Amino acid sequence: MGSKLPIGTFVYASAPARIDLAGGWTDTIPITHEHGGKVVNVAVQVNNRAPYTVKARRTEALILSLSYDPNIPSQHFHSIEQIRDHADPLVPGALLKACLVESGILGITAMRHDGDHKTMAEALKHSGGGLDLEIRSSLPVGSGMGTSSILIAAILAVLKTLMGTPYTNDDLFYETLDVEQMMNIGGGWQDQVGGIMPGFKVSTCELDLPIQLKTNTIEVPEEFITTFNSRLLLIYTGKTRLAKNLLQTVLMNWAGQEPDVVDTMHRLVADATQCEDALRQGDLKTMGTVLTRYFADKRYLSETTLSHPPIIAHLLSYLSPYLEGFSLAGAGGGGFLAAILKPGLEKDHVVREVREAMALDRKGEEEEVVDGDSMWGWSATVDRQGLVVQVGSPCY
């Protein structure tokens, strides 16, 4: 056990987003321990910065202050009961509340009445002072890039640092899963792995319980990273979705054990191995082929199409001739499209050509078309740091 930080000392954290490249859904409970899982993903900065930040400090005033939106004043909480609605992911601040419970910083557990006899001031005094906690994301809600899980991991790391509690990356992997179960959003393990660790990595989970993860960095040459960055497109569809909704469909399909569903899970794991091998060999063509097949498998499992959202089919009718491969990030159904350009193409030229063509011949309803920087004003590059936690001065 380390020492608690002095009152007023800020702890800062920053973390990248992640783009899943192969194997998603095989990391999801219970699929991951009933079938076995394997996922390849890459940590990315978006618009040249880590998109997720957290900061926190202890205060003399025995007040719990939570801030999750720069456009909304910080919320102050005066009773333990006020944080007990963390099980509803649609409640404002639910994610922060669940992290407070998981971390133990208030001296309570997820059991409904544990510690509820205390006032918030009593709980805070016992734990070392009031608490200011702030989180920020520069990405739209429902981006598909691991926001909730990565923020949970970053919040837990900051709270543990405040408390002087040592932790490992593995601790954050598993405790993030705990928080997601506490919030009734289910989910898997690939998002937090993708944002905690830098660069390209492959993660596996063998059959059976308890879940045991094994994660390895995929070492690639510097020139490959430069090439990957130059050929990676990130395009926002303008459509948000809650991953929990798609998760329910996938889990129902898995529970039915239809042969086609089981075969798809087998293929997802096999394709993760093929993607890993392609990355080690610097083979973006094969990686792109796997990425496109991965997107098709995600659509099959979640019972979505290229018309979810409608802009995707419209966009790909212009963009696909330029692409080696593509997929909606994360569960799908909205958020960001990640795409790999064919070799020899200049990214800005392709974007300009596609934007002009779409503007001349729009299909579908007007509200289904996203304009300007909200769609095209994004870039992603491989992140080299992963989760960074720093005491006393900002790391972002």
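For all residues, glycine too, the Cβ spot is worked out from N, Cα and C.
Per TrEMBL, domain 'GHMP kinase N-terminal' is recorded for 120-194.
Annotation comment: TrEMBL describes 277-358 as domain 'GHMP kinase C-terminal'. Across the domain 'GHMP kinase C-terminal' (277-358), the model assigns an average pLDDT of 94.
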Tally of residues which DSSP labels helix, strand or coil - the domain 'GHMP kinase N-terminal' (120-194): 44 helix, 9 strand, 22 coil
